[in-house]
C-alpha cells in the first residue's frame, strides 16, 4: 500500500527500533498475553455482571462499562499484533488505522474516567455519607455518567477519525500506524490548546480526582476502628490506586513528552512510549481480578459457577477408590459431596443467593460447609447483654439473641458493606439446667462451676435460629422478613470425678463453648446419652434448618392447606406485628409455614420480644418487617417506609396473638402491612371464649386500676421510703405515709402483683416489702433515670383529661376546661400555669421523660458532621446534655420560652457542660439561633397543621443546604394500627395529631428536608428521624 508520505525525517534511534525484530516480537508477545486474558476474563466478567448479578448497583454498572471498554480493546488488539509481527508495516489503509487508534485510546480514557467514577462512588459512600445519602437515584446517575463518559471521550478523540495517522518510511519500505507523529499534526496554537485541554480533561483531572478519592478512603478506613475487613478494604483500595497509577500515568506523561519532542525537536521517546503503552493495556486484563477482590457480588457469582462445574464433574465420576480409607480432608470432601446431593432439593434453592452467617463459630461453619451450603461469614456486632431474668423460658432467650444477631447484620450490610444479602442466618446456643442458663465460661473456675452443675444430671441444649430474608427492590428499597425457631436436645452427663473435671478444664476446650463442653471433641467422654439432634449440641440444628428452608421455598398455599387438615398436632402460628411490610416477591405467594409441636406455648410478656412472636419447641415464627431504603450508612426510609426496628418490637400490644391448638387452626398468610389472609380451617362458633382472649380483655379493663395504683404509690412516696428503709411492713408503712393500715396493705400487695415491690415472709412477723430492680431504677424520685415526675404529671394532668374522654371523642377537642376549669392554648401563658409550683411540677415531668429517652435519641444517628445544634423547645436541657455527652464535638443551644429558661437552674446536672447554653424566645415569633442541626423532640405532635408548617418553614429558612433536622416523636405504623402508646396519647390531644414515619417524611420534604435515617426504638418512648436540607426538590420528590 501507499501511505501518506511526509518530509518529516526520523532520528536514527527511532529507525533502529523499527528495524529491531526483537522489540517487535516482545511487544507482540505482550499483546498476545493481554488479548488472551482480556477476552477470557472480561468475557466471563461481562456474562456474570450482565446476566447473573442482580440488582444492578452503581458499582456493578460502572464495572459493566469498564468491561465493555476492555472487550473493545481486546477485539482490536489482534490487529495490533499482526501489525507488530509484520515489522510495523500497516497494510489495511488509513481508515482502519484511525479506527484502531480510536478504539485503543477510547479504552484507555473510558477506563480512566470509569475508575474515577468508581473512586467517587467509594468516596461518597465511605468518607462523605451525608452527601452520599442525598443522591436519590444513584443507578440512573451511574448510567448517565457512563453515557457521558463515552460522549466526552468520543467527542475529544473524534478528530483521530478525520486524520491520516499512517506514515511512510522509505528507508525501511514500511508504513506505520500512529507510531510516527507528523510535524503538521498540530498545525496551530488552537490545535495545541485543544490537545493540551484533552490531556487535562481525559487524564490529568481524572488522575487527580481518583488519587484524592482513594487516598481519602484509605485515610478514613485507617482512622476508624481496625477490623480484618477494614484492613482488607484498605489493601484493596491501595491496590486499585497502585494499578491505576502504574497503568495510566507513565503512558500519558510520556505521550505528552513524546509529542513535544517529536514535533519541535525531531527527537522521540518512542521505545519508552511503546513499552508504557503495553503497560496501559495490562489494565484491561487486570480489571477482572480487581472485580473479584472488590465486589462480593462478582466473587459470589463466580464461585457459584465454579462450584456447579465441580459438582457436575464429580457427579460424572461415580468410581470410588478400592482398599483405601480417605484422609480427614478427603472424608470431609466426601461428606460435603454426599450432603450436597442429599440436601440438593433444599440447598439448591439458595443457588445464586448471597447467604450470610452472622456468626464466627467454627462449629457452625463446619456444619454448614459440610452440608454443601455456600455462604459468607459476617460476625454480628450485637452484644449479648439481654437480661436473662426477663425471659420465661431458656429457649426464648436463645431465640431472641439469634434474632438480634441476624437483624444487626441484615441491617448493617446494606450500609456498611454497601450490599444487600439475600439471607442472613443468626444462631445462639445455650445450655440450661434446673432453669439456669449457662453460656460460655469466663474462666476456669466458671467452667468448673458449670460442669459441676451438669455432673450426673440431664440438661437441655437449646439453639435458637433466626433467618432474615432480604429483598432489594428496583428503587433500592430493602424489605426484610424474619423466621425464627429453636431446637432442644436432652443430654445426660455421667457422674464426673474431680480429677476428670479438672483434667478436662485444663485441656482448654471448655473456654469457648456454651455450658463449658464440646460434645464433638473431648467433651464427648463426659456424656452418658443424647436424646435429640446431635448437631444441635455441636452448635447448629441442621435438620431443623433444612426443614425451615423447605417450608420457606417449597411449600405453597395449597400444600399447606392439605397439611393443616392432616396434622393432628396443630400448628405454631404467629400474629404479625403491627409494623410489617409485604414479603419479598419470592415469598409473596408462599405461606408462612407451620411446624408440629405438642402444645401451644404461652406468650412472653416479660421478654424483650413480648407481643412479637411465639415459639413452639419445633415451631417457628414468621415476622414481616418494615421496608428500608439503602441510601447511606444507617437504615433509611423514603416516603412510606421505616427502618428495621430493634428486635422487630415496634408494635401494639399482642391482642389476638393467642396461639390456637386444634385441627381447624387457621393459618395466616401475611398479605400486606398488618393484614392477615385466612388460608384454611373454620372457627367453631360454639367453642366458647378462648382463655387467652378473655385474659386480654380483662387486662384492658383492669389497666386503669394498675395505673392508678402506680400513681398513688408514687404520690405517697412508697418507693422512696422503701429505698431509705427497706423491709417495712404494712403497718410501719401506713404510719410513715399517714394512711390506714388496711388500705396501705392492699396498695403494697397490689404493687407486688405488678412487679413493683417484692415481699418477704419473716419468722413470726408480718410480710415486709422492698423495691424491685424496676422500682429502684425508675420509680425512686432520686434515681438517675427516675420517672417520678412524669408519673405525677400523668396522675395530675393526663388522668383528669382521660376522665373526660367521651367528651373529647364527641367534640374532637381537648378537655382542659372540663378537667381544670381553664383553657390551655399555651401551657406557660395560661392562668392555670402561672403558679411557680405547678410550672416546676410540669417541667420536672418533662425533664424526667427527657432524661429517660434522651440517650437513645442522641445516639440514634452519627452526628459527627455537625458542630452546633439547636434544641427547639428543649425545655430543661436534659436532652441537650445527652447530645453533648454522646457527641464530644457538638455544642447545643436550648431555645424555649422565657418562663422555661428562667427555671433551668433547677435542673442543672451535677457536672455542668459549658457546651450547652440557653436562649429565651418563642419559636413561632422570634428568630431561631443559627445551627448546623435543629432538634425537634416531642414538639410537632402538639400543634395544628398551620403551626407545624409555620415552624418548619422558619427552620427551613434558617437552614443552609446540608443542615440537619432531627425529629423525635412516636411514629405510628403505616396502617395506623399501632403503637398503642401513640394512639392512646392522641385521645387526649386537641388540635395536634400523631403521624407515621412516612407522614413526617412527606411533611419535612415539603419544606426542603430529605429523610436520611429513621430509627424505631421499641425500648424507648420515642422514635427518631434524621433529615437533611437540600437545595432543590423536584415535584416527584414531594409525592
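Please read every residue number as a count from 1 along the shown chain.
Cβ coordinates are placed from backbone N, Cα and C, and glycine is handled just like the others.
Now, the feature entries from TrEMBL:
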type     : residues : note
TRANSMEM : 25-50    : transmembrane segment
DOMAIN   : 41-291   : domain 'G-protein coupled receptors family 1 profile'
TRANSMEM : 62-82    : transmembrane segment
DISULFID : 97-177   : disulfide bond
TRANSMEM : 102-120  : transmembrane segment
TRANSMEM : 141-161  : transmembrane segment
TRANSMEM : 189-215  : transmembrane segment
TRANSMEM : 236-265  : transmembrane segment
REGION   : 564-669  : region 'Disordered'
COMPBIAS : 592-601  : compositional bias 'Low complexity'
COMPBIAS : 638-649  : compositional bias 'Polar residues'
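Sequence-distant neighbours of the transmembrane segment (25-50) (same chain, 6+ residues past either end, Cβ-Cβ under 8 Å): 60, 63-64, 67-68, 70-71, 73-75, 77-78, 80-81, 84-85, 274-275, 278, 281-282, 284-285, 287-289, 291, 298, 301-302, 305. Proximity of distant same-chain residues to the transmembrane segment (102-120), defined by a Cβ-Cβ separation under 8 Å and at least 6 residues beyond the stretch ends, is recorded for 59, 62-63, 65-66, 69-70, 72-73, 75-76, 80, 142, 145-146, 149-150, 152-154, 156-158, 160-161, 202-203, 206-207, 209-210, 213-214, 217, 240, 244, 248, 251, 280, 283-284, 287. In the three-state DSSP classification, residue 97 (disulfide bond) falls within a helix. Proximity of residue 177 (disulfide bond) to non-local residues of its own chain (separation of 6 or more, Cβ distance below 8 Å) is seen for 83, 90, 97, 100, 101, 165, 166, given in sequence order. Using a 10 Å radius centred on the Cβ of residue 97 (disulfide bond) and all shown protein chains, the other Cβ atoms total 25.
In this structure, residue 177 (disulfide bond) is part of a beta strand by DSSP.
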